[in-house]
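> The structure is given below, and queries will be raised subsequently.
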Amino acid sequence: KRNFIYVNIFFFSVCFGNRSWTAMKFLLVFDFDHTIVDENSDTWIVRCAPDKKLPNGLRNSYRPGHWTEYMGRVFVYLGDSGVQEDDMKRTMTAIPFTVGMVDLLGFIGKNKEFFDCIIVSDSNTVFIDWILKAADFHEVFDEVFTNPAAFSSTGYLTVQNFHAHHCPKCPKNLCKKKVLKEFLDKQLERGVNYTQIAYIGDGGNDLCPVMFLKKGDVAMPRHGYTLEKKISQLSQDFCPIECSVLVWSSAVEIMSYLKLLIKEQLK
């Protein structure tokens, strides 16, 4: 069944997309947690805490839509507990990649003439930078849009909201649709207009940018995760998204799709 959907998505998106072919380049937009890496990087860092857990009071202090502020408190607790930058880096660089992702990112890195590649994530700059550089994937991505983080003079990790926005669908710190739209506008000013956009993600906060995609684009939700369920629910409610959908379990499936795009481009 999946193969049937896969082939139809390919021909529909590539042959009948509504974007100009003059750019001859594709944009790949990646989420990070549970998409590139197989865990939530923010909860993974708790492995550095005493007994690898947080106090109940801290854990229960999270308010929906205010995750970044919550993580700020977590980082204060880790600092107060004597957790050093090196401890955090060692822990973060041990985080596993999702199945097939190492192969996919290696493939993209070898074919950058066809792909621009960005990350839009609710993680933070320090974690993503550590993980990508440790795996030698930092040059695969043209830009990373995420919450800015840095270590203070006292050795504590601090994090800030990425931006302010007025989108009622998204958490306070980040609207991924706004990020994507601003990036595309900036690229247009540079004369870059993408043949197709592929959005690869898993979470509920990935739905807003997916709904921004057009008929010639493709959403790639991870199988069994929130984004796939939300897209499916929209179809059941007779409000389907405009773009095509390719569900993936292994990033090798994404790589196979990209190989077909390149093959079609070279005809």
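Cβ atoms are placed via backbone N, Cα and C, with glycine included.
Because TrEMBL annotations are produced automatically, they should be read as predictions rather than curated entries.
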> Going by TrEMBL, D31, D33 bind Mg(2+); tell me which of D202, D217, D237 is listed for that site too.
D202
> Within 10 Å of D202 (Mg(2+) binding site) by C-alpha distance: pick out those among the recorded positions D33, D42, D122, and say none if nothing qualifies.
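Within 10 Å Cα-Cα: D33.
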> Expressed to the nearest Å, what is the distance separating D33 (active site, proton donor) and D42 (substrate binding site) at their Cα atoms?
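Given the Cα positions, D33 (active site, proton donor) is 9 Å from D42 (substrate binding site).
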